[in-house]
Structure formats: structure tokens, C-alpha cells
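Colleague: The structure is given below, and queries will be raised subsequently.
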Amino acid sequence: MRIIVVNNYEEMSRKAADMMASQVILKPDSVLGLATGSTPLGMYKELVDRYEKEGLDFSKVTTFNLDEYYGITRENTQSYYYYMRNNLFKHINIDLQKTNIPNGSAESIEKECEEYEERIKKAGGIDIQVLGIGSNGHIGFNEPDINFEAETHLVNLDEETIKANSRFFNSKEDVPVKAISMGIKTIMQSKKIILLANGEGKAEAIYETVKGKINPNTPASILQLHNDVTIILDKNAASKIQ
Ligand code: PGA
């Protein structure tokens, strides 16, 4: 694991954007694995900036998002589909046909999950996967006690995740309790991984991920077994490992 500690959120976002931009420059038809949540917002802003100012070209890129809430439609402003449109896709020259997000309101979730895996394989696998981390150590929506061998599947969200994500909803009761998520196996098959974390609230999860034993209680700890992981942290998220 390569660990980069920077001063603040802005620096973390710039470094992450540097890595993503380099990937796209070196391989214009890269397959990017994308994440949602608060953490990668700054990175997306940076990438939009580089598209506008430097002409960073996304036209040949394919993307796969990590997860989507179960039971909400794409039009719902809380969906990750909506998030990706608004925070990245509509601002760059990406071909929307090449963007992939699990469909949380698919008729058959089992079929949706199988097809999602198939699509990733057909695209040649993920070249670089961006991850945030939950304060409980989850990656994607792979909550503690996860089966490390899982591929894309329907998950029950952890109480801690529901509480954390309620900040985006009117009330805790409105937060979906299930989601479709790439599994740990899917994530581990990515060629490169970048994990981003900022803020004190992530310090313990980062400690367990980097220094702890590999165990399903901290799903991100499995990343110790991947041979190309870069973790970019602000000072606060790194406070327990330094
Ligand atoms: P956050 O979520 O970026 O909103 O903190 C990260 C996660 O839950 O994976």
C-alpha cells in the first residue's frame, strides 16, 4: 500500500485527480471505477476543471460505479445515478452509453447483478477504482462481516451507514436500507485502486485498514492483499497511523 498524506481535502482531491487524469491520458479508453459520497466530490470538480481548461478527453472512457441504493429510481435526486450526472457526467465529454451504474429499481435484482459483473468483464476489467471508506470500514456498500468472495450483490446497509447517509435525506426513515454493491471480489480485481479519506471520523477505519489484521469486520483491510493500492489521506484521517 502506498500511503500519501496531504494537508487538506483540496490537496487530496488534486492528487486523486492527478492519478485519474494520468490514467486517462496514458490510456484514453480506460475503464474507471467510480465512487459517490462526499469524499470524491472535490476530485470530480478537479476533473471537470481539467476537461474545461486543459481538454482532458473522456470521450473513449468507460465507467462503472460501485453501488446504487435499492428501490429508488434514477430520477430520484438521492440516487447515485443523479449524483454522477450532476457532479461529473454532464460537465465532461463522456459518452453516457459508456457509463454504468447498477439499476436499483431493476425488475430482477439478481439478473441486474449478474449482468453488471458481465459488463465489467466484457469491458476488460476496471483499470483504476476510486474508493471512499465508511467510518465502519466499508468500501462500496460492503459492510462489516462481508463475505470477501462476493461479487455484485444486494446488501443490507449497516445501521452506522444509514445514520451517516441520513444527512442527505429529510429523515433517517427516508434512507434506503438496501443497496446493490460491487462485491469485494469485484473491487479486488481492479488493476489499480485509489482509496481517499478525509476527516477525523475516518481515522479509526484507516488505522484498521492499514495496520489492523485483515478481517471481514473491516472490509477495507482486504486491500492489504492488493498489489497496487494508493491511499490518499488528509492529516486528520491519517492521525492514528502517524
Ligand atoms: P463519504 O462516504 O464519502 O460520504 O464519507 C464514504 C463511504 O461511505 O464509502
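Positions of Cβ are set from backbone N, Cα and C atoms, glycine also.
What you see is a predicted model, and the numbers here were worked out from it, not measured in a lab.
Pulled these from TrEMBL:
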ACT_SITE  Asp67  active site, proton acceptor
ACT_SITE  Asn136  active site, for ring-opening step
ACT_SITE  His138  active site, proton acceptor
ACT_SITE  Glu143  active site, for ring-opening step
DOMAIN    19-228  domain 'Glucosamine/galactosamine-6-phosphate isomerase'
Colleague: I need the CA-to-CA distance for Asn136 (active site, for ring-opening step) versus Asp67 (active site, proton acceptor), whole Å please.
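Modeller: Just about 17 Å between their Cα atoms.
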Colleague: Please report how many Å separate the Cα atom of Asp67 (active site, proton acceptor) from that of Glu143 (active site, for ring-opening step), as a whole number.
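Modeller: Approximately 12 Å lies between the Cα of Asp67 (active site, proton acceptor) and that of Glu143 (active site, for ring-opening step).
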Colleague: If H, G and I count as helix, E and B as strand, and all else as coil, what does DSSP give for Asp67 (active site, proton acceptor)?
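Modeller: The three-state answer is strand.
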Colleague: Have a look around Glu143 (active site, for ring-opening step) and count the other CB atoms within 10 A of its CB, chains all included.
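Modeller: Glu143 (active site, for ring-opening step) is surrounded by 23 other Cβ atoms within 10 Å.
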Colleague: In sequence order, which same-chain residues at least six apart have a C-beta under 8 angstroms from His138 (active site, proton acceptor)?
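Modeller: The answer is Pro144, Ile146, Asp158, Thr161, Pro219, Ala220.
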